[in-house]
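*Asks:* I'd like to ask you about the structure that follows.
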Amino acid sequence: MKKSAALIRSVAVSATLLASASVAAAPAVVPEAPQIASKGYVLMDYHSGKILAGNKENVQIPPASLTKMMTSYVIGQEVNRGNISMDDTVVISKNAWAKNFPGSSKMFIEVGSEVKVADLNRGIIIQSGNDACVAMAEHVAGSEESFVDLMNAWAKTLGMDNTNFANVHGLDNPRLLTTPYDMALLAQGLIRDVPEEFAIYKEKSFTYNGITQYNRNSLLWDKSLNVDGLKTGHTNNAGYSLVSTATEGKMRLISVVMGTKSPNARKAESKKLLNYGFRFFETVSPHKANETFVTEKVWMGDTAEVSLGVSQDTFVTLPRGQTKDLKASFVLEKELKAPISKGDVVGKLYYRVGEEDIAEYPLLALNDVNEGGLFSRLIDYIMLLFKGWLS
């Protein structure tokens, strides 16, 4: 590809990308999102993070048992780090006694009983057990209060800027608040960071101590959607909430609906959002991690060019029918001069439809370039001087 002297370059998106578009793509006309009867909601594409619909998505709302998603996330991270094992045995304390949570969801564990972490984990995710949450908090961090500190630390890491956790189960507390957008970020993190933990969310029932309880996420039984998670929540103060995720082909959506009036309402409103997203949008992956996107001239190096690309697969979500109009361009921060190390960020990769930039990714060097010899560096230095005078 012939390159101009400018640091801004435009390139065509590959034919492979265009081939991946829906064959029956409709014209790129997207109606307004459906009306959702809730205190707040958001619809996010999992891969690109693009928000496809939302209302009051940054307004703080009590999460109720959606809190358990973060309890579960912390457990998954602790397992990943080798701090706990699913085979660990937990002795149930008085703090985690089922009788401490009358009238609320629980696993029905008894004081002094020994329960495997794997069972408590399912008690949290599938049965929404408040007692199981406290038992796991004490096992991981020694106390519920210390575990809550871990929850808030991970929330900060995930970018949940408008969230504060005050307990591990989600029972009403004036300091326990989150937003639909923050819960979408948490769902994204669960799917991405702790996949073995996330896999449990699609299980429809769990039996402990002879008591079988069913997953409250009724979308798992809906044959019109491929829903494989995540979590319901309810208190009288919070209303009925649901964070759900579903796939269609390679596309995955995350829906968060908070504060509806009934279990049926949270299901129906979530289904409307998911159907809207799959019907009118598509997500494509134009470029793969560590594959050469473009080669660029390197000055004063032992080789003339360096390969540039991205460290992760790129994803772009756009209205169905617009994939054919997708273009890529990149901007270099400055002229590339040796030495360059593999992984150095040298600019940005942009995706554009028409005049609008719709996604961007860091552009990295994919290989090392060492300094060239004295003579070649001198020649390049002189050429750069002339180049600067002429520009």
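A Cβ is built for glycine as well, from the same backbone N, Cα and C atoms used for every other residue.
Any TrEMBL annotation is an automated prediction that lacks curation.
As listed in TrEMBL for this protein:
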{"type": "SIGNAL", "residues": "1-25", "note": "signal peptide"}
{"type": "ACT_SITE", "residues": "Ser65", "note": "active site, acyl-ester intermediate"}
{"type": "ACT_SITE", "residues": "Lys68", "note": "active site, proton acceptor"}
{"type": "ACT_SITE", "residues": "Ser128", "note": "active site"}
{"type": "BINDING", "residues": "Lys231", "note": "substrate binding site"}
{"type": "DOMAIN", "residues": "281-371", "note": "domain 'Peptidase S11 D-Ala-D-Ala carboxypeptidase A C-terminal'"}
*Asks:* Would you kindly give the Cα-Cα distance separating Ser128 (active site) and Lys68 (active site, proton acceptor), rounded to the nearest Å?
*Replies:* 7
*Asks:* Non-local Cβ contacts of Ser65 (active site, acyl-ester intermediate) (under 8 Å, 6 or more apart, same chain)?
*Replies:* Ser105, Ser128, His169, Gly170, Lys231, Thr232, Gly233, His234
*Asks:* Rank the recorded positions Lys68, Lys231 by the number of other Cβ atoms within 10 Å of each Cβ and report the first-ranked residue.
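*Replies:* Selected residue: Lys231.
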*Asks:* Kindly assign Lys231 (substrate binding site) to one of the three DSSP-derived states: helix, strand or coil.
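*Replies:* Where Lys231 (substrate binding site) sits, the three-state DSSP reduction gives strand.
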*Asks:* Residue counts in helix (H, G, I), strand (E, B) and coil for the domain 'Peptidase S11 D-Ala-D-Ala carboxypeptidase A C-terminal' (281-371), per DSSP?
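*Replies:* Secondary-structure composition of the domain 'Peptidase S11 D-Ala-D-Ala carboxypeptidase A C-terminal' (281-371): 3 helix, 49 strand, 39 coil.
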*Asks:* Using DSSP reduced to three states, classify Lys68 (active site, proton acceptor) as helix, strand or coil.
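*Replies:* Helix, per DSSP.
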*Asks:* Roughly where does the domain 'Peptidase S11 D-Ala-D-Ala carboxypeptidase A C-terminal' (281-371) sit in mean pLDDT, to the nearest integer?
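*Replies:* Result for the domain 'Peptidase S11 D-Ala-D-Ala carboxypeptidase A C-terminal' (281-371): average pLDDT 94.
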